[in-house]
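Let me begin by handing over the structure; questions about it come next.
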Amino acid sequence: MSKKPGESVNDEQQGALALHRSLLPMGTGRTDVMGSMTATDAFPLPVLESSLVFSPSRDSGQGSVIRCLSYLKSMQLTAVLYSFGGSAWAQVPRLAIVEGGYADGDIEIKEVNLAEGANFNPEYLKINAQGTVPALVDEKGHNFHLVGFTANSRYDSSTTATQQISKHAPKPPKTASSEHHELKKFIETVHLDSHDPNDLFILPTSEQDRKTKGEGMVGGFLKGRQDALDKYSTSAPDDVKEFLKQKQTANKQILDFMTGSPSQEEQTKIYQKANEEWRSAGELLRGQAHHLLKKAGQGKFLGGDDEPNEADFHFVTWLARIASNAGASPGAPGKDILHLISVKAEGGEIPALIGEYWDQWRQRPSFSKVGLK
């Protein structure tokens, strides 16, 4: 917070800023009491509260410590995470919030209903131009110096949002995946298009699978998106109209395929793609994922810690959607999901260690709190 030319500052504001500054450790680059403070200069509010020493010397006529603290609380701004309960990747930062020890309300969750195409609303495209979730933002443009975020922040992917949430968490992961070469590469591998959980939710592997999905949840999901795209693309501002037109055309093609009478050539192409992605998912589980879990040790999370890190958040979220796509019921035991995935992925059994890792997650409160079960 900085003083603008000609702007008066009342006693509570002056006292709050002085109190905030007085609690900064030496050597953190303190600024003048009315100067701006960066995220690295400041403590989260809980630290301020626990660090307070109530003494007369702190009340220097600029307002009592209690009134200063009250003003600090009024300054605290909640980050907003745009999410959707049915989205695979939007669950990643939500896991990071729970596992990171954030209190309810520290980061506000706003639902963007993908099944109704709310992500294509031009107003949402101002927040995330890609029309995807998650998106972590300071939508009021204020400085998050009390909770660790920087001014005018926008993180519009599960990777960047989760990095920021974990970095500034009250209880950050012991291992920073973004600084760990092997885990960073694993996150990138999990996100490859060659085994995209969203593709495998929609794309059928056979004619019977196409009919079942087209008449069920997948058909309804695509129809809801199409209705929204038809609506928004006609009246959208020029800067997003072309984007929406492209999405409208692409969605209609897959909707027509799933609910219409596609040619044999079209069917062969789609079924082949879906089966290739399933095989790639199996290869990931039998290969890199199994290798990292063996390296971590029995009962450990990726990286060898007793607590999960960013790589775990991405992997278990991906695994949950892959299991669901394979036909597993919510929260099914590890041995059950391995069997179902191995049938879809072909290529042999999935290592038991993957199932043990899954069962380890099933016992954690965050697993059910974010809806992975």
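Cβ coordinates come from backbone N, Cα and C, glycine included.
Those TrEMBL annotations? Automatic predictions, nothing curated.
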Between 158-180, 250-272, which stretch does TrEMBL give the note region 'Disordered'?
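That would be 158-180, per the region 'Disordered' entry in TrEMBL.
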Just to be sure I understand, if DSSP states are collapsed into helix, strand and coil, how many residues of the domain 'GST N-terminal' (81-140) fall in each?
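Tallying H, G and I as helix, E and B as strand, the rest coil: 19 helix, 11 strand, 30 coil.
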